[in-house]
Amino acid sequence: MKGYNKYLRPFFDNGPVSVGMSMDIASIDTISEINMDYTATIFLRQRWTDERLCFEGNKSLSLDGRLVEMLWVPDTFIVDSKKSFLHDITVENRLIRIYPNGTVLYAIRITATVACSMDLTKYPMDKQTCTLQLESWGYNINDVQFHWTRGNDSVRGLDSLRLAQYTVEDHFTSVSEAVYETGRYPKLVFHFELKRNILYFILETYVPSILLVVLSWVSFWISQSSVPARICIGVTTVLTMTTLMMGARTSLPNANCFIKAIDVYLGICFSFIFGALVEYAVTHFCTLHHSNLKDQGDEDEEVEEEINGVLSAIANSCKVSDKINKVDSKKNINTSSSRKKEKSKHSGCSSPMTVMKKLFCISDCFYVKNPYHIDTYARLSFPLSFIIINVFYWVYYLYF
């Protein structure tokens, strides 16, 4: 070490230093959707050549990690790191190995919490691509060059990892440059793709939601006169579904920009449960209204006869006016004023008839002849529409 200056990089006047890197991923402890980050423990190895450390022999020297304070080392840092630390139990976890040709191997064990931008629109059927970026803090590309020692094989350990909610589908490395106001700096990027395991969410959220929807349909087979039973089922399922929706959101960020797939499904289930409750309210109202109509059946018949009499009177008046118009038209066939009067009289008689017929047709569409058929229609329409919506939901979020 005589004459060695650790403040000067190797090849100070002879081009940039080439630093090769490799990593072992020891563990990925947590992946947080709320904070959008992950915590990983890695073994980072850096290798470069320092011609000032050449010595005679054919064996490498493994030195105490504290010797690193006397050597020049690259100023590598993790770009998106929120917090990180070097393990120091029982001593600082560093390794220094020097080879006869001056090659230096520097390895450390660190744990870092790194930011990872996530797109949660398809949660929990989502895939997330996270990165680990390594850059030089002070040396630009004219001083230091970074490269992966073995390409995509430079990062190991992911294939043997077992994560709680994720499966590592793919990983690869890349080399690029970071451009800042102070210059261009070398950068290495490690990309890895995580796919979420959906089985937990199926058992925890989707199956209970489906069962609650099916439970709300039980009221369609209960007699309409059993008001407490049907109201109890409807209100209980609505409250339970609300609790389930609140519990599903506790582990997710409260961001309005993300309309997640699980939110869409829970909203669909809540709509069906609430619709079943509204269906009974409509059925009960129609039943009461129908019973009142039965009591007033005679009055309705009289009203009907009066309406028919009015319609027939209007029709007769129109026929009479038509005959009068025909006679007038024969007498005054060459006068244009008689034609205008004929048109106005004819339209004046026909327009009230048309309007009244349309009003009666519209009112008849909203009239329920037998309220007990509403439950019969609901027994078929609710399950069928729920199945169709489920097919569209799963096809869209799994394949698009």
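Each Cβ is built from the backbone N, Cα and C atoms, and glycine gets one as well.
Unlike curated entries, TrEMBL annotations are predicted automatically.
Remember, predicted model here, so these are calculated numbers, not experimental data.
Checked against TrEMBL, the range among 103-127, 228-252, 353-377 recorded as transmembrane segment is 228-252. With a cut-off of 8 Å between Cβ atoms, the residues of this chain six or more beyond the transmembrane segment (264-282) that come close are 205-206, 209-210, 212-213, 216-217, 219-220, 224, 230-231, 234-235, 237-238, 241-242, 244-245, 248, 374-375, 378, 382, 386, 389, 393. Within its own chain, the transmembrane segment (380-399) has Cβ neighbours under 8 Å at 122, 125, 213, 217, 220, 261, 264-265, 268, 272, 275-276, 279, counting only residues six or more beyond its boundaries.
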